[in-house]
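> I'd like to ask you about the structure that follows.
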Amino acid sequence: MSQNIVIVGASGRMGRVLIEAVLDAPGARLHAAIDRADSGFVGQDAGLFCGRSSGVFISSDFIAALDGADVVIDFTRPEGTLEHMLACVERGVRMVIGTTGFDDEGKAAIRAAAGKIGIVFASNFSVGVNLTFKLLDMAARVLNEGYDVEIIEAHHRFKVDAPSGTALRMGEVIADALGRDLKQCAVYGREGVTGERDPQAIGFATVRGGDVVGDHTALFAALGERVEISHKASSRATFANGAVRAARWLSDKRNGLFDMQDVLGLR
């Protein structure tokens, strides 16, 4: 049976490719496409972003869209996602959350909501990125002495949070494998006379510019050699297809908090 899927942020960069991904996916049906009331796209066919007719017209009424919905896919902003999540909990509608930039309080709210509905919450829905997380765990356990860890990420000029959620997740995976607390060892950017590098540090460097979809590299640097594990995304479709896959996977999950490692069976 097809999953009735609601896309939030229909006119955004991710919303547009999510709509196309749902329209193309077997076992998925575009139930509603939601956008801001002032977006200028309300009332238009959601398929206009991919050059086809979908029969679903963009609306600003999120609550009405939940009637008959199975899953909401939300790649918007933290404050909006949390508001949508409350409505989903009240109506028993599952969620796929790709929004990044949540603070600790926001993440705690998601964990609490997952006690009532099924939620897939991930920093990145790309299959390749999630394989990269697995490789980083393996690498960190082997390169655990004498290797400095640095994470470099690049995104388009419009991205509003830094470092990216994916970069932070890479750091968490590596820190966990090394037995470190990322909150204690993370270094975000360097300037001026910094002194010698702390060998326990995990450094982050951020680049913003142009239309870069998403590049991430974890560098393990020792004296005499370095190992780099990289992922480069060339299309947002890879994230959208992963999110739709997650929505379909949620079909038999009444409640619980999951990520793409669960969806892909990588645990």
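Every residue gets a Cβ built from N, Cα and C, even glycine.
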> Which single residue out of Asp35, Asp137, Asp148 does Swiss-Prot record at the NAD(+) site shared with Gly9, Ala10, Ser11, Gly12, Arg13, Met14, Gly98, Thr99, Thr100, Ala122, Ser123, Asn124, Phe125?
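Swiss-Prot names Asp35 for this NAD(+) site.
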> Let me know the DSSP-derived helix, strand or coil state of Gly165 ((S)-2,3,4,5-tetrahydrodipicolinate binding site), please.
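DSSP call for Gly165 ((S)-2,3,4,5-tetrahydrodipicolinate binding site): helix.
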> Sorry to bug you, but what's the C-alpha spacing from Thr166 ((S)-2,3,4,5-tetrahydrodipicolinate binding site) to His155 (active site, proton donor/acceptor), rounded to the closest Å?
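For His155 (active site, proton donor/acceptor) versus Thr166 ((S)-2,3,4,5-tetrahydrodipicolinate binding site), the Cα atoms are 11 Å apart.
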> What three-state secondary structure does DSSP assign to Thr99 (NAD(+) binding site)?
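SS state of Thr99 (NAD(+) binding site) = coil.
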> For His155 (active site, proton donor/acceptor), just give me the three-state DSSP call.
strand
> Do me a favour and check the Cα-Cα span between Asn124 (NAD(+) binding site) and Gly165 ((S)-2,3,4,5-tetrahydrodipicolinate binding site); whole Å is fine.
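Gly165 ((S)-2,3,4,5-tetrahydrodipicolinate binding site) has its Cα 8 Å from the Cα of Asn124 (NAD(+) binding site).
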> Looking at the binding-site residues Gly9, Gly165, which one has the fewest other Cβ atoms within 10 Å of its own Cβ?
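Ranked by other Cβ atoms within 10 Å, the binding-site residues Gly9, Gly165 bottom out at Gly165.
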